[in-house]
Amino acid sequence: MNTFGNIFKLTSFGESHGTAIGGVIDGCPAGIVLDMEFVQGELDKRRPGQSELTTSRNESDKVEFLSGIYEGKTIGTPIGFIVWNNNQHSSDYDSLKNVFRPSHADYTYFQKYRHYDHRGGGRSSARETIARVVAGAIAKLILQKKGIKITAYVSQVGDICLSKSYIQVDFSNIEKTAVRCPDLEIAKQMIALIQSVRLRGDTVGGVITCICHGVPVGLGNPVFGKLSAALSNAMMSINATKGFDYGMGFNGIHRKGSEANDLYYRNKDGKIVTKSNYSGGIQGGISSGEDIYFRVAFKPVATLLQGQLTVDKDGNEIQLEVKGRHDPCVLPRAVPIVESMAAMTILDYYLYNY
């Protein structure tokens with residue numbers, strides 16, 4: 001499947017070392033002012049080569065819109081866009097054409113398709129997420145007009161964890177450090193860890209926390225159309241994700257029911273709200289009007305700049321030595337991707353309701 005969404009739909013295309021990455025957005029309402037500076041700014045957050053913590057692949061990632069825009073506004077027709085690939089070093093992958101790299105998609109793609117583009121991971125590369133960020137930026141622009149804001153940040157790298165709740169951190173600090181952690185002291189520790197593993201030719205994983213603020217009551221459907229399930233599906237479609245939980249999540253197993261229920265009361269404005277939000281803003285698969293917050297776990301990058309044993313397509317055991325340019329940790333560049341997938345999911349359900 002290369003299409004995401006039911007009403008607000010994105011179909012992405014392209015491979016890591018192909019001519020370009022792009023997409024077609026269907027179902028976008030007409031009359032939306034397309035803030036190009038904002039859209040490009042979102043792309044710049046996931047762009048490679050932005051700091052010493054990311055791959056040195058030097059791509060400008062400038063988006064070109066091909067259709068669906070007139071006089072700076074959407075016109076309700078399919079929005080086509082493209083981002084050209086300009087800095088491929090495909091020769092770095094010549095020796096890997098017949099090799100199954102550990103914990104990559106090489107083996108499964110070979111078994112499923114037999115013929116595929118192995119360069120830079122081809123279609124399985126995180127470069128595909130360019131299309132998601134463009135579509136997510138447009139979704140954000142629409143949601144902002146509805147009072148809905150999506151914010152994500154790095155809350156853990158390896159064993160370095162930001163233990164504070166999202167309500168205790170200053171979101172304005174997120175873009176102040178290369179690792180996109182809002183706690184500046186914890187961020188320094190995260191950066192030091194990433195630099196340390198990079199020097200050893202190794203990699204490290206972590207967790208991104210995301211908050212959807214201002215989501216109205218009623219988004220989502222019972223049983224198989226749950227908003228929580230849709231968010232999980234969206235997040236687990238991102239490269240290198242290995243886990244998703246929302247609200248108190250897995251930590252809830254340590255609580256008793258009397259410690260985990262969100263009690264209702266009427267606030268000073270006469271609105272029914274809850275005293276806590278252990279449920280993460282979703283009850284019965286339907287948004288409750290409270291903040292929706294969740295966490296996404298990312299594995300360490302599978303490409304290591306150190307030798308590993310593997311096999312080739314004929315089953316011969318070989319010592320794998322990898323070249324190329326790779327992230328020691330995907331977390332900093334994955335923040336805008338998580339936000340984009342959340343924005344598209346929330347907007348898709350919003351358009352269904354309204």
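We number each residue from 1, going along the chain as drawn.
Glycine too: its Cβ is placed from the backbone N, Cα and C atoms.
For the recorded site, ARG46 (NADP(+) binding site), the DSSP three-state label reads helix. Residues or ranges marked as NADP(+) binding site in Swiss-Prot: ARG46.
Counting every protein chain shown, 23 other Cβ atoms lie within 10 Å of the Cβ of THR303 (FMN binding site). Residues or ranges marked as FMN binding site by Swiss-Prot on the basis of sequence analysis: ARG123, SER124, SER125, ASN239, ALA240, GLY284, LYS299, PRO300, VAL301, ALA302, THR303, ARG325.
Geometry remark: ALA240 (FMN binding site) versus ARG46 (NADP(+) binding site), CA distance 15 Å. Taking every protein chain shown into account, ALA240, VAL301 are the binding-site residues, and of these the Cβ with the most other Cβ atoms within 10 Å belongs to VAL301. Residues within less than 8 Å, Cβ to Cβ, of SER125 (FMN binding site) and separated from it by at least 6 positions along the same chain comprise GLU15, SER16, ASN239. Neighbour density for ARG123 (FMN binding site): within 10 A of its CB lie 18 other CB atoms from the protein chains shown. If you take the Cα of ARG46 (NADP(+) binding site) and the Cα of VAL301 (FMN binding site), they are about 16 angstrom apart, rounded to a whole number.
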